[in-house]
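**Student:** Just passing along the structure, written as structure tokens.
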Amino acid sequence: MRIAVFASGSGSNFEAIVQATQDGRLPSLEVALLVCDQAKAYAIKRAERLGIPVFLFSAKDYVSKEAFEQEILVQLKQEEIDFIVLAGYMRLIGNVLLTSYQGRMINLHPSLLPAFPGKDAIKKAWEYGVKVMGATVHFVDEGMDTGPIIDQEVIFVHKEDTEESLQQKIHEVEHRLLIRVLQGLSEEAQLGIEGKGNLD
């Protein structure tokens, strides 16, 4: 199964997925493309080092979301992409990609949804004073972090924690959670199981 990862920033989760495909944890997956909307994103350097093709675009160069998503879709079809992973991609997905990849697109979010959707989720949770934080992987729909939840992982906030320490802990959780979800989805695809996770 060929997947594309969408990222706007550091790309640590992108690299974690690539490593998992190479070390045997995700043997049936191949990361075939990185889609990025920020020219200075470190994810691009990771992709170059890992030998993964990159499609870089700037939204301001297009008249609409539909226009740049049509261009992305062309790239996805050229690379024969079966599945999309949003890992730090800071744009809402529009109808063009939703229609083409319905049920074949997941998002990683650094909170226990439905709490703290949108940007700066860790900062918001820290400032709110929650005692439990974590990460969520969910199927993508037209809303902001509103699609059906696939899996979550929890961490507890301790007295000695800071916002920075929690950022690090949640990044570690994200790597584990994302790999676990992809393992499950790829197994379902191989078995041909019907349902939301079916990738056929």
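From the backbone N, Cα and C atoms, a Cβ is placed for every residue, glycine too.
Reproduced below are the annotations present in TrEMBL:
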- H109: active site, proton donor (ACT_SITE)
- G11, S12, N13: N(1)-(5-phospho-beta-D-ribosyl)glycinamide binding site (BINDING)
- K65, M90, R91, L92, I93, N107: (6R)-10-formyltetrahydrofolate binding site (BINDING)
- 1-182: domain 'Formyl transferase N-terminal' (DOMAIN)
- D145: site 'Raises pKa of active site His' (SITE)
**Student:** How long is the line from the C-alpha of L92 ((6R)-10-formyltetrahydrofolate binding site) to the C-alpha of D145 (site 'Raises pKa of active site His'), rounded to the nearest angstrom?
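**Tutor:** Spelling it out, the Cα of L92 ((6R)-10-formyltetrahydrofolate binding site) and the Cα of D145 (site 'Raises pKa of active site His') are 9 Å apart.
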**Student:** Give me the non-local Cβ neighbours of D145 (site 'Raises pKa of active site His'): same chain, 6+ apart in sequence, Cβ-Cβ under 8 Å, ordered along the sequence.
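**Tutor:** Counting only residues 6 or more apart in sequence, the Cβ neighbours of D145 (site 'Raises pKa of active site His') under 8 Å are N107, H109, L113, P114, P117, G118, T136, H138.
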**Student:** Other residues near the N(1)-(5-phospho-beta-D-ribosyl)glycinamide site, CB within 8 A of the CB centroid of G11, S12, N13?
**Tutor:** A7, G9, S10, F14, E15, A16, A43, R46, A87, G88
**Student:** Given the binding-site residues G11, S12, N13, find the one whose Cα is closest in space to the Cα of K65 ((6R)-10-formyltetrahydrofolate binding site).
**Tutor:** G11
**Student:** Count, for each of the recorded positions K65, R91, H109, the other C-beta atoms lying within 10 angstroms of its own C-beta, and report the residue with the smallest count.
**Tutor:** R91
**Student:** Would you mind pulling the DSSP three-state label for I93 ((6R)-10-formyltetrahydrofolate binding site)?
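**Tutor:** For I93 ((6R)-10-formyltetrahydrofolate binding site) - judged by DSSP and reduced to three states - the answer is coil.
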**Student:** Does N13 (N(1)-(5-phospho-beta-D-ribosyl)glycinamide binding site) have same-chain partners at least 6 apart in sequence with Cβ under 8 Å from its own Cβ, and which are they?
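**Tutor:** Same-chain residues close to N13 (N(1)-(5-phospho-beta-D-ribosyl)glycinamide binding site) (Cβ under 8 Å, separated by 6 or more) are V5, A7, A87, G88, L108, H171, E174, H175, L178.
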**Student:** On the Cα atoms of K65, M90, R91, L92, I93, N107, which are listed as binding (6R)-10-formyltetrahydrofolate, what is the maximum pairwise distance in Å?
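**Tutor:** About 18 Å separates the two most distant Cα atoms.
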**Student:** Out of L92, I93, which of these binding-site residues shows the lowest number of other CB atoms within 10 Å of its CB?
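**Tutor:** It is L92 that, of the binding-site residues L92, I93, has the fewest other Cβ atoms within 10 Å.
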